[in-house]
Amino acid sequence: MKTDTPSLETPQAARLRRRQLIRQLLERDKTPLAILFMAAVVGTLVGLAAVAFDKGVAWLQNQRMGALVHTADNYPLLLTVAFLCSAVLAMFGYFLVRKYAPEAGGSGIPEIEGALEDQRPVRWWRVLPVKFFGGLGTLGGGMGLGREGPTVQIGGNISRMVLDIFRLKGDEARHTLLATGAAAGLAAAFNAPLAGILFIIEEMRPQFRYTLISIKAVFIGVIMSTIMYRIFNHEVALIDVGKLSDAPLNTLWLYLILGIIFGIFGPIFNKWVLGMQDLLHRVHGGNITKWVLMGGAIGGLCGLLGFVAPATSGGGFNLIPIATAGNFSMGMLVFIFVARVITTLLCFSSGAPGGIFAPMLALGTVLGTAFGMVAVELFPQYHLEAGTFAIAGMGALLAASIRAPLTGIILVLEMTDNYQLILPMIITGLGATLLAQFTGGKPLYSAILARTLAKQEAEQLARSKAASASENT
């Protein structure tokens, strides 16, 4: 019987096949691999920058409070020093922004969104130092601002710096790394990697170009930035509120009511922010001296409040555990809420380098706690815990204001480590988002970006008219 024997590959054929395989690998486009490698570099640098920024803010705040200790015996002098220390730090931040990089003012997140749409420039060589040191001044002075805005804008600008240094070309690389830097900045600011990823997918969904390479790059950047954060900090929840009880199913309707309240308040808060921007702009009129002095007055006011009523100023992270634990009376909660709304509007709308995430988390906590205390009194049969409403409220204002409910929910869960409250948080966030959309107003960052682009267009038109007039003469 005749059997077939397999033909053996000759050594020459094997060598030829290996050469063809090597040639194919060498000729293959290396751009995706380069982007992923650059994403790791960007994430590492952003994480280190976020850690340095956080440590710098903490050091300045400690130095400022240490200076007050030496004047504790003289109350009028103590108040004067409290005002001046914060005012000088704030004026330093305002001056840097106004003089050297106006685009570094405010949150910075709308600037990154505009850059992703190719409508705003990314001048990293001036934004990075101004945002970093200007943010140190305003946040170190105790103003009612958050650190996530600076770290997101710093992250986006670091990505552009890496692109320029390594001369990586192409729109895909630029767009992908810009989104990676922004996500890494948010993740490192709050030790919340999943929230950083969702922030890009949800909040920046109109600008983010979703591809397999871009989402992998965002993942890698967020992982590296979070690792850098955790190397220099502990792997614990950023805000320690303890383990709260779960929400029984028969109480979930209360969280929907809470979401409706935030759905009403969110668009109103956005209108207040934009209205305060207009009011403060009329005050300084674009004059750098008036603008810096106005910023100093706002910063000094926050410094005074930080000494007299600490719960009413600053980013609000120290307030959240105290409010969640139920250590404030209803009257005190109302006072803190009103005072923090005012300080947040003044600080953020004035163009100070700083974010609004953290202040909104604090406002949501206070309003949620107040609602929880009322619910505890009205429905004793439910055996409610006011702290669960505080946690649900933390992300609800974000959902209503910037229309990013998933980001708000996951951010709060990662920050507080109370994952058992995910269902009431989803209900609260959904109620807040749906009602905010129904009432009309635009998301806060979108409205701010639209204003920035309108101002940019007006300035370009004015320059073109001036150029035409000079040519005619």
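Sequential numbering from 1, following the chain as shown.
Glycine is treated like the rest: Cβ placed from N, Cα and C.
Per Swiss-Prot, topological domain 'Cytoplasmic' is recorded for 1-32 (among others), and the stated evidence type is sequence analysis.
For 33-69 (among others), the entry in Swiss-Prot reads transmembrane segment, with the evidence type sequence analysis.
Proximity of distant same-chain residues to the topological domain 'Periplasmic' (70-76), defined by a Cβ-Cβ separation under 8 Å and at least 6 residues beyond the stretch ends, is recorded for none. Per Swiss-Prot, the feature topological domain 'Periplasmic' maps to 70-76 (among others); the stated evidence is sequence analysis.
Per Swiss-Prot, transmembrane segment is recorded for 77-100 (among others).
Marked as motif 'Selectivity filter part_1' by Swiss-Prot: 106-110. Confidence over the motif 'Selectivity filter part_1' (106-110), given as mean pLDDT on the 0 to 100 scale, stands at 91.
The chloride binding site annotation in Swiss-Prot covers SER107, ILE356, PHE357, TYR445. Cβ neighbours within 10 Å of ILE356 (chloride binding site), excluding its own Cβ and spanning all shown chains: 29.
Note on the topological domain 'Cytoplasmic' (117-123): residues 101, 103, 111, 156-157, 160, 178, 206-207, 452-453, 456 of its chain, located 6 or more positions outside it, place their CB under 8 angstroms from a CB of the stretch. Marked as topological domain 'Cytoplasmic' by Swiss-Prot: 117-123 (among others).
Sequence-distant contacts of the transmembrane segment (124-141), counting only residues of its own chain at least 6 positions beyond either end whose CB sits under 8 Å from a CB of the stretch, comprise 49, 52-53, 56-57, 59-61, 64, 85-94, 96-97, 100-101, 103-104, 108, 147, 149-150, 153-154, 157-158, 160-161, 164, 295, 299, 302-303, 315, 347, 352-354. Under the heading transmembrane segment, Swiss-Prot lists 124-141 (among others), citing sequence analysis as support.
Marked as motif 'Selectivity filter part_2' by Swiss-Prot on the basis of sequence analysis: 146-150. Cβ atoms under 8 Å from those of the motif 'Selectivity filter part_2' (146-150) belong to residues 50, 53-54, 57, 106-109, 131-132, 135, 139, 185-186, 189-190, 315-316, 353-359, 361 of the same chain, restricted to positions at least 6 beyond its ends.
Swiss-Prot lists 148-166 (among others) with the feature transmembrane segment.
Annotation source Swiss-Prot lists topological domain 'Cytoplasmic' at 167-176 (among others). Taking H, G and I as helix, E and B as strand and the rest as coil, DSSP gives the topological domain 'Cytoplasmic' (167-176) the counts 6 helix, 0 strand, 4 coil.
Non-local neighbours of the topological domain 'Cytoplasmic' (202-214) in the same chain are 32, 35-36, 109, 112-113, 116-117, 172, 175-176, 179, 182, 402-407, 445; each lies 6+ residues outside the stretch with a CB under 8 Å from one of its CB atoms. The annotation topological domain 'Cytoplasmic' is assigned in Swiss-Prot to 202-214 (among others).
Residues annotated as transmembrane segment in Swiss-Prot, with sequence analysis given as evidence: 215-232 (among others). Remote same-chain partners of the transmembrane segment (215-232), defined as residues 6 or more beyond its termini with a Cβ less than 8 Å from a stretch Cβ, comprise 35-36, 38-40, 42-44, 46-48, 50-51, 55, 155, 176-177, 179-181, 183-185, 187-188, 191, 193, 196-197, 200-201.
Within its own chain, the topological domain 'Periplasmic' (233-252) has Cβ neighbours under 8 Å at 51, 190-192, 317, 320-321, 324-325, 379, 382, 384-385, 387-388, 390-391, 414-418, 420-421, 423-424, 427, counting only residues six or more beyond its boundaries. The topological domain 'Periplasmic' annotation in Swiss-Prot covers 233-252 (among others).
Away from its own ends, the transmembrane segment (253-281) comes close to residues 247, 294, 341, 345-346, 348-351, 356, 364, 367-368, 371, 375, 379, 382, 384, 389, 392-393, 396-397, 399-401, 424-425, 427-436, 438-444, 447-448, 451 of its chain (Cβ-Cβ under 8 Å, at least six residues beyond either end). What Swiss-Prot records for 253-281 (among others) is transmembrane segment, and it gives sequence analysis as the kind of evidence.
Swiss-Prot lists 282-287 (among others) with the feature topological domain 'Cytoplasmic'.
Largest CA to CA distance in the chloride binding set (SER107, ILE356, PHE357, TYR445): 11 Å, whole number.
Most Cβ pairs under 8 Å with the transmembrane segment (288-309) belong to 77-100, among the candidate stretches 33-69, 77-100, 422-438.
Helix, strand and coil content of the topological domain 'Cytoplasmic' (282-287), in residues and according to DSSP, is 3 helix, 0 strand, 3 coil. When secondary structure is read from DSSP and collapsed to three states, SER107 (chloride binding site) falls in the coil class. Same-chain residues lying 6 or more positions outside the topological domain 'Periplasmic' (377-386) and placing a CB less than 8 Å from one of its CB atoms are 244-245, 248, 250-251, 254, 326, 369. Outside the topological domain 'Cytoplasmic' (167-176) by six or more residues, the chain places 31, 34-35, 38-39, 116, 160, 209, 211, 213-214, 217-218 with a CB less than 8 A from a CB of the stretch.
Residues within less than 8 Å, Cβ to Cβ, of PHE357 (chloride binding site) and separated from it by at least 6 positions along the same chain comprise GLY146, GLU148, GLY149, ALA189, PHE190, LEU398, LEU411.
Residue environment of SER107 (chloride binding site) contains 24 other Cβ atoms, counted within 10 Å of its Cβ in all protein chains.
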